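Report on the following structure.
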C-alpha cells in the first residue's frame, strides 16, 4: 500500500536518478575501457601492461578519470546557484543536455586523446550539475518515513550504472573483436539514459518546497498532491503543506535573501561543516579508487588477465548493487544514519588493513600461471569491503546532506557537499594510479587509517535524523520548536482558508452553455 500511495514519488525518483545512473556508468565504463587493448592501440598506449605498471598508462588513466571529476566540481558549484533561481526540474533538464554533448564528443574521438579529455570535462559539468540537484529534488518530494530509502536510491542507481558498464565492457571484450568499435560501443550507450532522463523530466512537477519558497502556494499544493497521490483537501496533505509553508516563511523572516551571515550562524554553520566533512571522508574511504580503476586494481592483486580482471570487476559491481538494495530496504530507515556510518567505517577499515597486509606478505607473481590463493583472498576482501561500503557510506551521506538543510539553504548546502565530493574525488583519482605504482600495499593501509578516522568523526559530530520531517530536522539544528508549532497553526489556517475560498469560487461559478442560433 505504501509503494502504491507513493508511486508518483518513485516515478519521479526513477527519472531524476537517471542522473546518478549516468554518474555511475560514466565512471565505470572508462575504468574498464582503459584496460582494453583496442583503446590502448587507438590512443598510442603501451600494450601488455598489467595494472598501473606502465607510467604512461597510469598517467592517461589518471587524466581520463580525474578530468571528469574536475568538470563535475565546477558543474556542482554552478548548479547550486542555477537551481535556486530557476527551479530543480529545469536545471536538471539543462545539465542532462550538457552531459549528452560531452558523451557524444567522447564517442566521436579517434586517435586524439585530447578529444576524450574534452568530452570528459563537458560530461563532467553535466554529471556534477545533476549530482547537486537530483538528491535535493527527490528529498523535497519524498515522505518522511520513507525518505531514507527513497533518497538513498541515488546510490543504488549509481551502482547499477557502474555495474552495467562493467559487464558491458566484459561482454564487448569477449564478443567484439579488438577494434575501435570495441570501446566506442560502451562509451556511446550512455547517451540513451541521458535522453530518457530529459524526456521524463518533461512530465514531472517542480519541488513543492521550492515553489512554496518562491510564493507559488497553489502550484506547491498541486505538486504535493500529485506526489502524494492525494486530493487537495486531504487533511494530511494540508498539514504537510502548512509545515512546509511555516518553515519557509520563518526562514524568510530571518533575512531577505541568502547572505553569508546567515550561512555562518551556529545552526547553519554546523550543517555546512557536516556536509563538507561527511563528503570529504566518503572520498577518502578508498571506494572510488577501486570503483574507477577496478580492472587495474584486480590486476594489481594478482588477477592479471584482462578478461579475468573485467569479470572480477563485474562481480564487484553486482555485489554493490545487491548490498545497496538490501540496505535501502531493511537498513537505512530502521538502523538509522549514524549507526550505519559508524559500523561501515570500522568494517571497511578492517578489510583495507587485511588487503594491505596480504599484499605486503604475499605479492602476486606475474610469472606464475593462474591465480594464487593469496590473490583470491584479497579479491574476497575487496568484495567484503564493498558490502560494508554499500550498507553505509555509499547511500547514507547523500541522504544525510540532502535532508539536514532548511529549504532556503538546501540548494547551496547540497551544492557544497557535491562540490566537496567532486574536489576530493579528483584528488583521489589523480593519486591512486601513482600511489599503487609507487607504494603498492601501503595504499590500502592508508585507506584503512582514513576509514578509522571517519568512524571517529561520525561518533563525535553526526546527529541522527531518521524518520524526522525536513522541518523537524530544522528544530534538531536549533530552530525554536514553540515558534515553529505556532507558525504551523497559522499556516494550516491559511491553507484551509485558501482551499475553502477555492471551493466557494468553484461552486458559485456560472457554467457557460451553448445556445442555438
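Even glycines carry a Cβ here, placed using N, Cα and C.
TrEMBL labels come from automatic prediction, so no person has curated them.
Database features, via TrEMBL:
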DOMAIN    12-466  domain 'Major facilitator superfamily (MFS) profile'
TRANSMEM  59-79  transmembrane segment
TRANSMEM  91-111  transmembrane segment
TRANSMEM  117-138  transmembrane segment
TRANSMEM  150-167  transmembrane segment
TRANSMEM  187-204  transmembrane segment
TRANSMEM  272-294  transmembrane segment
TRANSMEM  314-332  transmembrane segment
TRANSMEM  344-362  transmembrane segment
TRANSMEM  368-388  transmembrane segment
TRANSMEM  409-428  transmembrane segment
TRANSMEM  440-462  transmembrane segment
### CB contact flag for the transmembrane segment (59-79) and the transmembrane segment (117-138), at least three pairs under 8 A
yes
### Query
Mind checking which residues reach the transmembrane segment (409-428)? Cβ under 8 Å, same chain, six or more beyond either end.
66, 69-70, 72-73, 75-77, 79-81, 83-84, 128, 131-133, 135-136, 139-140, 209, 258, 262-263, 268, 271-272, 275-276, 278-280, 282-284, 286, 288-289, 397, 401-402
### Task
Averaged across the domain 'Major facilitator superfamily (MFS) profile' (12-466), what pLDDT does the model get? Just tell me the whole number, please.
82
### Query
Where else in the chain does the transmembrane segment (150-167) make close Cβ contacts, counting only residues six or more beyond its ends and a cut-off under 8 Å?
6, 9-10, 13, 17-18, 20-29, 32, 134-135, 138-139, 142-143, 186, 193, 291, 294, 310, 313-314, 316-318, 320-321, 324-325, 327-328, 332, 390, 394-396, 398-399, 402-403
### Task
For the transmembrane segment (314-332) and the transmembrane segment (117-138), check the count of CB pairs under 8 Å (sequence separation 6 or more) and say whether it reaches 3 or more.
no
### Query
To the transmembrane segment (440-462), which of 91-111, 117-138, 187-204, 344-362, 368-388 is linked by the most Cβ pairs under 8 Å?
344-362
### Query
Taking the transmembrane segment (187-204) as reference, which of 91-111, 117-138, 344-362, 368-388 has the most Cβ pairs under 8 angstroms?
91-111
